[in-house]
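Undergrad: The structure's right below; bear with me while I get my questions together.
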Amino acid sequence: MTYRVEHDTMGEVKVPADKYWGAQTERSRNNFKIGPEASMPKEIIEAFAYLKKAAAFTNTDSGILSAEKRDLIAQVCDEILEGKLASEFPLVIWQTGSGTQSNMNVNEVIANRSHVLQGNKLGEGTTFVHPNDDVNKSQSSNDTYPTAMHIAAYKMVSEVTIPGVEKLRDALQLKVEKFKDVVKIGRTHLMDATPLTLGQEFSGYVSQLNHGLKALRNTLDHLSELALGGTAVGTGINTPKGYDVKVADYIAKFTGLPFVTAENKFEALAAHDAIVETHGALKQIAVSLMKIANDIRLLASGPRSGIGEIHIPDNEPGSSIMPGKVNPTQNEAVTMVAAQVMGNDVTISIAGSNGHYELNVFKPVMAANFLQSARLIGDACVSFTDNCASGIEPNYEGIKKHLENSLMLVTALNPHIGYENAAKIAKKALKENKSLREAALDLGLLTNEQFDQWVRPEDMIGGLK
Ligand SMILES: O=C(O)C[C@H](O)C(=O)O
């Protein structure tokens with residue numbers, strides 16, 4: 001490895017000769033050898049590119065940055081957004097809780113890359129664009145990092161999570177319509193209950209996802225508020241007049257998303273309740289997905305010794321030792337994702353609750369957990385739709401067997417012979433291993449014709465088809 005020497009206010013540091021990052025990035029690389037697989041999410045780096053470009057434009061509009069510097073900064077930001085500098089951001093999330101080192105990583109890369117774009121050799125001479133004085137002008141890590149969190153979170157939720165959940169919701173809605181006349185036994189407390197249709201059962205899943213989507217969308221207003229302009233403690237020291245509003249306008253323009261400046265910069269730096277709030281909705285969706293995927297795998301259990309009321313697609317051999325076995329693998333992936341998101345919610349709650357005075361210093365861990373959850377939910381919903389939900393079919397034989405066997409069809413007799421007589425029929429049938437009809441006739445509580453007339457599963461599903 002060949003090195004060049006970079007400096008910061010603490011002195012000189014050797015950095016890899018071919019890398020654009022500078023002294024502060026290198027110090028972080030050396031000082032935080034913690035969990036090297038947990039890199040700062042690339043979505044956060046991209047969000048920084050949006051906000052650094054917006055800051056440069058706003059600074060030039062305010063007369064405090066030359067147009068030449070603005071254009072150089074903007075050009076490098078565009079390169080970052082195009083993925084051309086992906087190997088220049090080596091830091092991990094386990095660093096300073098303000099994300100200062102990643103902010104400086106971006107500042108250093110932009111300054112050094114600008115130097116090269118001007119025709120200079122990396123590491124030779126002084127850069128025309130200074131990482132702190134120019135790239136970080138009118139900014140602090142304390143307002144840039146939370147701004148990057150909101151940009152990355154909003155983009156991930158709107159581009160990945162919502163479309164994924166909607167796709168699953170739509171696939172399940174098709175099943176609701178297709179299965180609307182398939183009468184099956186219900187189960188409460190995991191025990192036999194009165195019948196319903198498979199369509200009714202699935203409509204509950206659709207409703208869960210619709211409520212989850214609504215909860216998620218309801219949080220987006222708060223997430224659209226940006227901290228930028230608050231600088232060090234929320235007062236906006238070292239920013240020109242009107243900077244916060246203008247910089248948010250530029251970010252909205254560059255991202256195509258409805259970002260605005262935060263109403264209160266003190267909250268925006270010291271608390272990350274917007275992240276907690278939106279992640280709360282992600283957790284709600286994870287809770288729904290856990291229930292939906294569990295129900296579906298139990299309904300599909302078998303093929304000989306389970307509930308076996310639906311078929312799900314056979315996607316892969318399930319077992320390395322048991323020939324012919326096929327498992328509900330998509331459901332297993334979805335339920336693992338749900339477990340991860342619920343765990344992330346605990347991390348985010350602890351991290352979010354620990355702002356001290358003017359700053360919350362759990363920012364990188366909140367960002368990483370949030371982005372993981374939002375990505376996982378979106379991807380898992382797409383995978384589950386394409387590889388499982390779309391292919392669900394009723395197992396009519398299994399449904400019929402359980403329906404005809406069920407003792408709880410006896411509930412239909414309550415209005416005719418009373419709860420206590422109906423219970424006698426159910427208990428006798430169970431004890432003597434008889435059908436409900438046989439038990440009812442033995443007890444002389446009704447006639448064969450009355451049984452046919454009153455015990456009709458298709459009339460027991462209420463008005464809600
Ligand atoms: O990096 C900064 O801009 C500020 C830092 O997080 C601090 O408050 O000490």
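Cβ from N, Cα, C; glycine included.
Pulled these features from TrEMBL for this protein:
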ACT_SITE  His189  active site, proton donor/acceptor
ACT_SITE  Ser319  active site
BINDING   98-100, 130-133, 140-142, Thr188, Ser320, 325-327  substrate binding site
DOMAIN    11-343  domain 'Fumarate lyase N-terminal'
DOMAIN    409-461  domain 'Fumarase C C-terminal'
SITE      Glu332  site 'Important for catalytic activity'
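Burial and contacts for the listed features, if you can.
TA: The number of other Cβ atoms within 10 Å of the Cβ belonging to His189 (active site, proton donor/acceptor), over all protein chains shown, comes to 6. Annotation note: His189 (active site, proton donor/acceptor) sits in a coil segment as assigned by DSSP.
For Ser319 (active site), other Cβ atoms within 10 Å of its Cβ number 10. Mapped onto three states, the DSSP output places Ser319 (active site) in coil.
The secondary structure of Thr100 (substrate binding site), as reduced to three states from DSSP, is helical. Of all Cβ atoms in the protein chains displayed, 19 besides its own lie within 10 Å of the Cβ of Thr100 (substrate binding site).
Under DSSP, Glu332 (site 'Important for catalytic activity') is assigned to a helix (H, G or I) in the three-state scheme.
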Undergrad: Counting distance between Cα atoms, which of the recorded positions His189, Ser319, Glu332 is nearest Ser98 (substrate binding site)?
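TA: Answer for the nearest of the recorded positions: Glu332.
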Undergrad: Give me the DSSP three-state residue breakdown of the domain 'Fumarase C C-terminal' (409-461), ordered helix, strand, coil.
TA: 40 helix, 0 strand, 13 coil
Undergrad: Between Lys325 (substrate binding site) and His189 (active site, proton donor/acceptor), what is the CA-CA distance rounded to a whole number of Å?
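TA: Here the two Cα atoms are 29 Å apart.
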Undergrad: Taking a cut-off of under 6 Å between Cβ and any atom of ligand 1, tell me which of the recorded positions Thr100, Pro131, Ser319, Glu332 pass.
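TA: Passing the 6 Å Cβ check against ligand 1: Thr100.
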Undergrad: Going by Cα-Cα distance, pick out whichever of the recorded positions His189, Ser319, Glu332 is nearest to Ser141 (substrate binding site).
TA: Glu332
Undergrad: Round to a whole number and give the Cα-to-Cα distance in Å for the pair Asn327 (substrate binding site) and Ser319 (active site).
TA: 8
Undergrad: Restricting to the same chain and to sequence separations of six or more, state which residues have a Cβ under 8 Å from that of Glu332 (site 'Important for catalytic activity').
TA: Arg297
